[in-house]
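Record features (TrEMBL):
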DOMAIN    1-575  domain 'Neutral/alkaline non-lysosomal ceramidase N-terminal'
BINDING   H88, H197, E504, Y546  Zn(2+) binding site
ACT_SITE  S315  active site, nucleophile
DOMAIN    577-740  domain 'Neutral/alkaline non-lysosomal ceramidase C-terminal'
Amino acid sequence: MGSYDITGPAADVNMMGYANAEQIASGIHFRLKARAFIVAEPNGKRVVFVNLDACMASQLVTIKVLERLKARYGDLYNENNVAISGIHTHAGPGGYLQYVVYIVTSLGFVRQSFDVIVNGIEQCIVEAHNNLHPGKIYVNKGDLLDAGVNRSPSAYLNNPAEERSKYQYNVDKEMTLIKFVDDELGPVGSFNWFATHGTSMSRTNSLISGDNKGAAARFMEDWAEQNGMPKQGAHVTKDGLEYLHKISGLPRRVSSIIPEPNEITDDLVQLASSYEASGGRRLSGSSITRRIRSSQQNKPKFVSAFCQSNCGDVSPNVLGTFCIDTGLPCDFNHSTCNGKNELCYGRGPGYPDEFESTRIIGNRQFLKALDLFNSASEEIQGRVDYRHTYLDFSQLEVNVPSSTGGEQVVKTCPAAMGFAFAAGTTDGPGAFDFEQGDVKGNPFWRLVRNLLKTPGKEQVECQAPKPILLDTGEMKEPYDWAPSILPIQIIRIGQMVILCVPGEFTTMAGRRLRDAVKEVLTSDSSGEFNDIHVVLAGLTNTYSQYITTFEEYQIQRYEGASTLYGPHTLSAYIQEFQKLATAMVANKEVPTNFQPPDMLDKQIGLLPGVMFDSTPPGVKFGDVSSDVPASSTFGKGSTVNATFYSACPRNDLLTDGTFALVEKLDGSNNWVPAYDDDDWSLRFKWSRPAKLSPRSFATLEWTIPEDAPSGVYRLRHFGASKPLLGSIKHFTGTSRAFAVR
């Protein structure tokens, strides 16, 4: 197992997911990570699966990671046995994909976003490689009922009634988990797959966040840390979990060097009042900011990943969709309110607080994963294997059943996006007068489209009934707008089979693909695949938007309009995955005739760099501009704030470090770190007084956890400033102290 920080630039960069140009990062809710597992047969094959706290995988990221792995390990890790999958948070920095349409709102390519992800993936794989030990793997699965609803139910209903009747729900409720147990250290981690969108945080949120899946991973890793995992002869008890949930809605991430809670007395309040704000001071480097939990680098850490599956039509906003003007439910077929789609929003379980919705949906996934983890008993046995190929999805020939009962050959199309794409979804509606379920398009937007690229007759017919808004597959200036060469991949670990797909399959599309592959594998007469578990890993290795069923495509809701390669996209995937599965059963290699383009040298980035940072005369970086009130005492659950004169977080991402720290006074009058910007309870918010101002502020906002030890605390900010001339300098500053009772 391995993990590494991939948080990225916490300022100025557009967030990836909602395509909302105004959603610009300005702080950190909690940090993002890349998490990896490597499973190897002794002297045999091995596979790597990486789960990213990012919106999706990127073809360019995958290409560059594979280049680095080749330089480091030769042919040990390559495109065939490495899978890189995104969790689909919509609250991470964008600009790291190579195709134009995915980086328009981020003002093109953002090198800083790209580099931190490539580096983080490499580092987590290196860590996993160095951690390889003998051990066992277990698989378990079970239903989680209240973490996702279908956001395009009218499209789902267009699937055949006979097919729908086979399933109890209109979204997949099953979570599949694999548990890793080191022979010496005991449990060292788990990865699970469950379908729900990373859209608990809204399109107006500006704090970097792993959304519900990132939160679930945090909670599970914290729980493991509190239970002393990994450790010799580890044993997990459920009582520990119940106690944990009694004392706090959330597990605590806190350093182990903090002493036990002590009673608050007047002396302590007086002691707190004797510590004034420190004022800003320079640091010789950024090493001081290494994160609390980085201090235990020499021991293996517990790694828990919550991976994405066929989430295409699954929303975590489980309360339903409502009109923000009337409070009434939205129109069922088009998700509009009086014909306007921008008024229709889904509500999460913590409505109207998106942080609370994120916590609840994350916590539900965490509790389910923990239950599966604790009760996992089916041991994974058998071979490690994999198959991978690249395909040109713009012109694949596909055999499909004909209306007469025979077969006919159809083709996929060059990529194109329909009018309903611009309507967005109920998780984040689009603007203007687009609506979901639009099979006509309107004259004004056709005119706008034609200025960019008028689709030809063949393309219009191929994509029908989709009215084409953007003919992205045929737009090549200044470089490709959409991918055509895509990877598909199967990874096998004993009776666990992972289908790695480069997009978002809807619920029914995912079911059809899993069933088709399972049918091929279980038809093997040897019986080797009889008890297999097939999961679908979405958003893996690259990104190509959505994949609906043929029937859902006809309705042209958002997902259908975003199914790039036409109505037969899913049939193409099923046909080609069946070929991979057939090759796996027959133990044959799969040839590949294509390679995806590496367009790093063509990338255009229009986001300006940091010019310089400044403070008012007589003020130093790290000085407090708004302090904690003097002689103050706070109770559990209340929030403490302090604001510091700061500088742009893009000057140094403080990767594996922290911009924000809560420190506690110990018995020897030393300040020890207690919570940092990777904690749920501490938020780092960054702002400028005006758009182009060289001045900026950092606000640290700590909501005191119910289980925080009583005592004397203060807030500390770290940052790095850039002068007009000269090199970047690191700084720190603290608030005045306060008592927590």
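The backbone N, Cα and C atoms fix where each Cβ goes, glycine too.
A TrEMBL annotation is a machine prediction, not a hand-curated record.
Distribution of TrEMBL features across the structure.
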{"residue": "H88", "record": "Zn(2+) binding site", "contacts (Cβ under 8 Å, 6+ apart)": "G17, C55, M56, H197, G198, D211, K213, Q308, C311, E504, G538, L539"}
{"residue": "S315", "record": "active site, nucleophile", "contacts (Cβ under 8 Å, 6+ apart)": "G148, V149, N150, R151, T196, H197, T199, G346, T425, T426, D427"}
{"residue": "Y546", "record": "Zn(2+) binding site", "contacts (Cβ under 8 Å, 6+ apart)": "G312, G503, E504, F505, T506, Y558, E559, G560, S562, T563, L564"}
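For E504 (Zn(2+) binding site), other Cβ atoms within 10 Å of its Cβ number 29. Within 8 Å of the centroid defined by the CB atoms of H88, H197, E504, Y546, the record's Zn(2+) site, lie the Cβ atoms of Q308, C311, G312, V314, G503, G538, L539, excluding the listed residues themselves. All protein chains considered, the CB of H197 (Zn(2+) binding site) has 28 other CB atoms within 10 Å. When averaged over the domain 'Neutral/alkaline non-lysosomal ceramidase N-terminal' (1-575), pLDDT in the model lands at 92.
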